Amino acid sequence: MSTNPKPQRKTKRNTNRRPQDVKFPGGGQIVGGVYLLPRRGPRLGVRATRKTSERSQPRGRRQPIPKDRRSTGKSWGKPGYPWPLYGNEGCGWAGWLLSPRGSRPTWGPTDPRHRSRNLGKVIDTLTCGFADLMGYIPVVGAPVGGVARALAHGVRVLEDGINYATGNLPGCSFSIFLLALLSCVTVPVSAVEVRNISSSYYATNDCSNNSITWQLTNAVLHLPGCVPCENDNGTLRCWIQVTPNVAVKHRGALTHNLRTHVDMIVMAATVCSALYVGDICGAVMIASQAFIISPERHNFTQECNCSIYQGHITGHRMAWDMMLNWSPTLTMILAYAARVPELVLEVVFGGHWGVVFGLAYFSMQGAWAKVIAILLLVAGVDASTQVTGGQAAHTVRGVASIFSPGSRQDISLINTNGSWHINRTALNCNDSLQTGFFAALFYVRRFNSSGCPERLSSCRKLDDFRIGWGTLEYETNVTNEEDMRPYCWHYPPKPCGIVSAKTVCGPVYCFTPSPVVVGTTDRQGVPTYSWGENETDVFLLNSTRPPRGAWFGCTWMNGTGFTKTCGAPPCRIRRDYNGTLDLLCPTDCFRKHPDTTYLKCGAGPWLTPRCLVDYPYRLWHYPCTVNFTIFKVRMYVGGVEHRLDAACNFTRGDRCRLEDRDRSQQSPLLHSTTEWAVLPCSYSDLPALSTGLLHLHQNIVDVQYLYGLSPAITRHIVKWEWVILLFLLLADARVCA
């Protein structure tokens with residue numbers, strides 16, 4: 001038996017390291033420390049055919065062409081960690097168990113899961129797994145699975161479109177940032193707060209409890225378009241607006257508490273970025289905004305009516321205020337930059353260790369943009385406020401509305417069996433629009449309105465009905481009670497249909513809301529141009545509410561002088577509807593239900609309970625509106641502009657408090673550079689520029705201000721939405737499909 005030691009296996013430790021000849025993909029090599037060019041042959045990376053003289057040389061191993069492969073992380077602490085597709089594997093095993101073939105179908109190179117990332121993996125796993133399961137169904141599995149696969153591909157195409165729309169940045173790093181940016185940059189066009197006083201609703205600037213986002217000791221974050229009103233032991237106090245969604249209890253009372261929150265946010269964002277879990281942190285940050293409950297530190301109410309009557313504002317004052325407040329970009333940047341040296345000392349000695357940690361970490365990483373963002377964020381929440389001016393003085397001007405007496409015809413009201421109509425001697429139903437019927441409307445000089453009080457006695461005020469609540473419903477089966485008359489604003493008309501022209505006296509007016517005259521046709525809709533001379537002449541009035549249909553409702557007069565109406569289905573504002581106590585709303589009934597707008601519930605000429613559309617035959621159809629005042633109106637319905645006149649029942653002595661104001665959804669015309677013309681004792685739900693609040697005139701009921709002065713404070717402060725955006729940016733949130 002040999003005593004020689006057993007030969008050891010060669011490893012890296014017991015092998016002498018000698019310089020090896022290094023070969024390059026192009027054919028060159030290093031021999032003795034000298035690089036030798038390739039002998040001959042094609043370009044880089046292609047092996048040339050040896051010549052005959054070279055055949056005897058040993059054949060070397062061809063080096064593979066180097067490829068740029070994507071680095072995929074294999075551990076949680078590295079970026080690019082792939083999400084585990086447990087749902088996908090589970091669907092695969094479930095399909096294998098259910099499959100009559102015992103095999104799993106293949107998607108090939110077009111598998112949507114190959115292109116999905118992050119949240120898209122979850123969506124595509126569900127859609128593709130569902131398609132796999134459908135393919136395993138016996139007999140019908142092939143067609144059903146094909147349809148399911150097509151749907152999965154469609155979902156993938158939709159996800160790709162969302163990714164493209166949210167930005168084509170590498171890795172889709174800023175998709176959630178851009179989506180959050182779009183969600184908080186836009187301010188609602190109509191952010192009017194509504195208060196419920198058990199008997200009715202009315203508009204106010206006071207924030208409701210649902211509008212309060214977060215409460216601090218001396219500051220409040222709230223939704224735009226309102227001002228917090230606090231009831232402090234019986235004393236009502238309006239807080240001071242600092243930004244459209246930040247209010248403070250007193251000037252300068254803001255910075256300390258908000259700085260603490262920003263300190264924690266910077267610390268959390270830095271940790272998320274360091275651990276490469278920005279995706280999860282960003283999703284948690286966004287979702288937490290919907291579930292975190294703010295501590296109740298104050299007793300907020302809606303009894304102050306803050307900033308409703310702030311006084312008259314001239315055009316010069318508006319221009320000066322715009323220069324001070326609407327162009328603060330350069331001033332804000334300079335103010336932030338000037339505070340950076342001071343912040344360096346204050347951050348260290350003030351104990352803002354979260355900010356210090358974030359600055360140190362991102363500085364070592366070379367992320368100077370994030371360092372600047374942190375400094376600007378801290379500079380924003382640490383800035384002070386300063387007073388720049390006071391309120392403009394109140395001015396009083398007289399009523400400038402033009403009162404139109406309307407037409408004064410030889411018309412009398414006749415009561416027949418409890419129903420009111422005009423006298424037949426005033427009618428000339430055979431006249432057309434170009435003859436005496438139209439001319440007599442304006443030039444006959446006398447109207448006997450002695451029967452109007454009795455005629456209008458069956459009409460009720462809006463306050464006489466019960467308040468509404470819940471979801472609106474349409475009443476398609478309208479049955480009119482005995483006390484309901486078509487000349488009352490609350491009269492719910494029956495659905496429009498086909499009306500025989502023989503029974504109609506004069507033209508038929510329909511409202512889009514602009515008044516239009518409907519001509520006679522046959523039942524197939526072919527115009528006849530005979531104005532009811534033939535038995536087959538009819539008015540085709542059936543239509544749906546605009547913008548899907550032609551008009552809201554129609555009004556005409558029959559041959560005996562009675563007013564007839566038809567219209568779209570009115571709105572039922574309560575589920576427990578009672579015909580005696582409740583209202584079927586055919587107009588804008590805002591004070592009884594905030595959702596009842598004219599566009600949703602309008603069923604005729606009545607724009608509000610006080611105002612109806614003015615048209616040439618208004619005094620024939622509604623003779624008791626002879627003393628109504630005429631106002632100019634501009635409305636947009638389905639993108640189409642309507643300019644019309646409205647006749648309103650309002651006089652100087654009528655009460656007009658906030659709870660008495662109706663809503664008129666219109667695009668008001670201008671009285672001046674700062675004043676809108678609205679219907680009397682109403683308001684437009686378009687808030688004022690710069691404040692987002694309602695500003696009404698103290699004494700004149702048909703004026704609303706289009707521009708409101710801010711509470712005389714210039715502010716340099718970051719909104720809470722921007723704090724969330726900076727957190728997403730600092731944490732590298734990438735939540736895209």
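Cβ coordinates are placed from backbone N, Cα and C, and glycine is handled just like the others.
In Swiss-Prot, the feature N-linked glycosylation site is attached to one residue out of Asn325, Asn417, namely Asn417.
According to Swiss-Prot, of the residues Asn209, Asn299, Asn477, Asn209 is the one noted as N-linked glycosylation site. Residue environment of Ser116 (phosphoserine) contains 22 other Cβ atoms, counted within 10 Å of its Cβ in all protein chains.
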